[in-house]
Number of protein chains: 4
Amino acid sequence: MPYRMFMHKQLLSALVGLFHPRDIANAGKFFSSSTAYRRLDISGIYPPIPTPFNEDESIAYDKLEFNMKKWNKIPFKGYVVQGSTGECCFLNMDERIQVVKEVVRLAGPDKLVIAGSGCESTRETIWLSQKVAEVGAKAVMVVNPYYFKTNMNQAAFLAHYTKVADQSPIPIILYNIPSNTGIDIPPEVVIKLAKHPNIIGMKDSGGDIVRIAALVFATASDDFQILSGSAGFLLPAYAVGCVGGICGLANMLGEEVCKLSELSKSSDIKAARELQLRIVGPNACVTRRFGVPGMKASMDWFGYYGGPLRSPLLSLSSSEEEVVKQAFQKSNFL
Amino acid sequence: MPYRMFMHKQLLSALVGLFHPRDIANAGKFFSSSTAYRRLDISGIYPPIPTPFNEDESIAYDKLEFNMKKWNKIPFKGYVVQGSTGECCFLNMDERIQVVKEVVRLAGPDKLVIAGSGCESTRETIWLSQKVAEVGAKAVMVVNPYYFKTNMNQAAFLAHYTKVADQSPIPIILYNIPSNTGIDIPPEVVIKLAKHPNIIGMKDSGGDIVRIAALVFATASDDFQILSGSAGFLLPAYAVGCVGGICGLANMLGEEVCKLSELSKSSDIKAARELQLRIVGPNACVTRRFGVPGMKASMDWFGYYGGPLRSPLLSLSSSEEEVVKQAFQKSNFL
Amino acid sequence: MPYRMFMHKQLLSALVGLFHPRDIANAGKFFSSSTAYRRLDISGIYPPIPTPFNEDESIAYDKLEFNMKKWNKIPFKGYVVQGSTGECCFLNMDERIQVVKEVVRLAGPDKLVIAGSGCESTRETIWLSQKVAEVGAKAVMVVNPYYFKTNMNQAAFLAHYTKVADQSPIPIILYNIPSNTGIDIPPEVVIKLAKHPNIIGMKDSGGDIVRIAALVFATASDDFQILSGSAGFLLPAYAVGCVGGICGLANMLGEEVCKLSELSKSSDIKAARELQLRIVGPNACVTRRFGVPGMKASMDWFGYYGGPLRSPLLSLSSSEEEVVKQAFQKSNFL
Amino acid sequence: MPYRMFMHKQLLSALVGLFHPRDIANAGKFFSSSTAYRRLDISGIYPPIPTPFNEDESIAYDKLEFNMKKWNKIPFKGYVVQGSTGECCFLNMDERIQVVKEVVRLAGPDKLVIAGSGCESTRETIWLSQKVAEVGAKAVMVVNPYYFKTNMNQAAFLAHYTKVADQSPIPIILYNIPSNTGIDIPPEVVIKLAKHPNIIGMKDSGGDIVRIAALVFATASDDFQILSGSAGFLLPAYAVGCVGGICGLANMLGEEVCKLSELSKSSDIKAARELQLRIVGPNACVTRRFGVPGMKASMDWFGYYGGPLRSPLLSLSSSEEEVVKQAFQKSNFL
């Protein structure tokens, strides 16, 4: 399905020259009246996979394959590669592209591969989006620039994402992660960008459920798909209209996160709540509290390869590791 | 039911002298093994009612009665008086007690009246809790001290709330509202306090749904009742185990908020979501965005008395008022 | 001098009815052209004195007298009573007025007594300003309202302070302490208020030296006097044009803070720097780091009465106390 | 002097193999007892030069030369290249090295060239430090990693900077800029790192003068040199013991910033204050308020080449430009 849609877009673009409009407003008008048009369906659950390293910090491609073989058995919609969890800010450009290429190969044709391509500059973000498209990514997830915080006003956000969306051959998913970037993409910006034909959704890791609900409401007519950025609020996110999640916890508890997704969409509220509540504690340990070090440490306990991190990230201390372990035990996952 | 429970507590206290324990740990042990014991049931929807003022900033008791008569027709569980929305920090002690007394009288015996009694000092909080109990409040909602932010460590929180709970004749509901206090009551503190027999729940206005879920999970064996502090996340709050809400929006859209509450507990997820999404925008205008001025301005549109505010709060400018009006119109409430 | 000026103001007010103007702009114009007018001179060093308590948390007036007798021997310009350090938010109105009255009596005629009178509501702030003036305070220090943070926009600030200044019989000193209030009074507001004839200065405890410098520059033609809110940046504050300081550290190291003040105004930069650097560490312990508990604990070591705090403030733990002691020792004050 | 010292270090390193110690503690001991040892003297004023771009966003090397020729006539100690102002996060590695090389060539032998080499990963930071040393930089300024904020605990900071300092052939200057990174390097970390023989100082752009004073005091025996990160607090910074500044304002007002530096070290406090106060307003416009866009816009007014920015940075709007212009005019610089 995604492919057909994608090709359809390309075709439209070629025929009428309006696929990469220079003007968001016009684009919005054009596409909102075009009933034939539909976007790439990104609903479902994805693990934002970590990049496995050897002891010398080089990329362990064999371990990537090992993990992928296990993940492939889980009913994921696809994979997110080079998100924050992928330690992408520590990889050089060659490595980033190579890892995406490898994940596309290992994922097989049934899984949707989304690649992180956000860089500080617009030009590099465009370049990388094009490169990962070439090696098979089906969409890009684009974190906002964040170094020049005070300059990232609405005009700067709009110009940046419009340029990227205009020139990316594959659709854009906005990536909001204020805990790392120190910036919450302004809702007004998201609402405007949702009208761009090549901006199809957002991953929101902030966890502000009111903000997410407000964006679902405001973009209701735009076929704009919002994904929860964490398993910690997956049920509430579905409750207010999200269509899936990119959940770090799915790296080691993939079946359980997919189960929570199913329950959240069912009418069995009680079962959904119960599983959601069990998930909150361990999830916090592998996301907001201990981050990638917590993630990699706990992957080992579930038969995956976690392994070392690139410096300056440090492996958990043994007391930190104990805290993480207890969280999984308290919820009966270990 | 609540009354019986309450009397039961009083009785226990009188008989065995353990109602106001000096030691939380012991209290927890004692009561967790006491199967006979149950707490005041606070589940349901409450409006945190504003204090109506005349033009000269004196309290307009006639207008209070006018509003109460309308609210009394709505299936609220009760009323919260002297919350933030009540502009309680602008009232002197005599006024605070008098308003509670009046609301108790007007509410009638079927409604549960919860009174705000949090002050900066422990001694004044205890004193006020006793006073509002005398005039008929059935529980107190106690905002944490917040002026000496750096000193409010876990030990200070625990000592403060334990002293208040020990000496309050009516049960305590913790009140967490970081947007006003600049402090999020630490989860560890809440989890410990939930074991105190006279601390029966919490109103959480922060809106961090993961935090709320974590607290529901951690206090599952304590009969600790968490209320959403806003209609903006009422559905997600119910989804993770809250038992009701103290919702500013219920001041003018009481029926709708009660409806949302019912739908949230039903299996009609779609209808619940639809109403929740409609509510988010106007709700933000009368809470986080414009606060009490937004609340009072919009009450007028729904046949209630809003009226002026006490200085330094200012009435909305006409352009601000227009923003609020449009939010209600966009959601078809006006 | 201060007295004469004050009387002069009163006279002016009585004669031309312009002392409490309703219109800031006009007031600014009027007074900027009035060369005869000068303001109460508040330059110099003040300790913001703590309120001594007995073990039962009642006010220990005898201990207040004990401390005052020692402070009176130090070349302070005067005293600040009921600032944050005075735990004023834990005192009721009767206590607040009584303590001011007592300090005025004990201070004698040579010391300028400044009383904190800021409350959440404008009306109560005006009332208290009038009361402390009646018992002998020569100026009031007015912290901004801070509970309804999002509503404290520029219009609210201006209206609040203008009303207070119009109706206070004694001059107003703005009090900016963002660590406790969570709000930085906007510079634009300060610049406008500086033109009000009854707003004569500001205590800035925020420590943002660039902000302070900007305000000195912008109010250069307004005879607006800025006082450092801490001994931790007294030298830098003088360097950019402050005229004195209200310094918690002066409660136990009064001579040393007065010495630093003298050196800062001299051309002996090296000696000033040396003393300033020694003061930073212990000062942090009695202000930002441990607050009033740190203050009271260390007062004992220097022959003053510190004593207990009102709950919820707790006395320092022994390990915290050790940290404070070491800071004083490291700088050779103990 | 610096050169000799630098060579002396290299020699020591070669002879006794202790220049890049693996163990900070030992290093500290060794060097603190070595009276012969002195560090590279970095005292003085530096402009953090911007990278000039052509309209197509390519680097305008001719404009760099144009600017450098003007700057070379000003009594700067040297140049900082690839700081935040250099938009270094938008340059690829080849560009970063090439620009440093060019600045070294244009600066001539009398100016000290400091190059920014901080990257998110330790390994890339080391690599880039080595590269810029090869092309002639005399020291590196290393911003801390900031994407994984919650993981940057003290252990992570210490390990990162120690590895970089151990392997960099030229000395390290720590670079603290919380407005951009969202992190304040913990003082405890700075105090420990100050003992590393290859970490010679810090640029602090945070502007917290108490923090700076505390660090000067705590590192007094370490020959650790702190530079103000802005002209906005240069006088206060000198007052508490800084030895110079890396000041964005020096890009267009180089003579004036050097004058302020001289006055700050003289006993003419009044003249220093006067110039400092004039500088605050325009400085804010080219730093915290409008950042690099403000900088580049105003450079044009003083005969330098400012030019366009790399996207997502946008040129100032005309109304913003007017604000900046007025700030310079108000202080009589235009």
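Any Cβ shown, glycine's included, is placed from N, Cα and C.
As the structure is a computational prediction, the values presented were derived from the model and not from experiment.
Copied over from TrEMBL, here are the features:
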- B:THR85, B:ILE246: pyruvate binding site (BINDING)
- B:TYR175: active site, proton donor/acceptor (ACT_SITE)
- B:LYS203: active site, schiff-base intermediate with substrate (ACT_SITE)
Neighbour count (Cβ, 10 Å) for B:TYR175 (active site, proton donor/acceptor): 27
Residue pair B:TYR175 (active site, proton donor/acceptor), the residue listed as 'active site, schiff-base intermediate with substrate' - Cα distance, angstrom, rounded: 5
Protein Cβ atoms within 10 Å of B:LYS203 (active site, schiff-base intermediate with substrate), excluding its own: 29
Those binding-site residues listed as B:THR85, B:ILE246, and which of them has the most Cβ atoms within 10 Å of its own Cβ: B:ILE246
C-alpha spacing of B:ILE246 (pyruvate binding site) relative to the residue listed as 'active site, schiff-base intermediate with substrate', in angstrom: 7
Local backbone state of B:THR85 (pyruvate binding site), from DSSP in three classes: helix
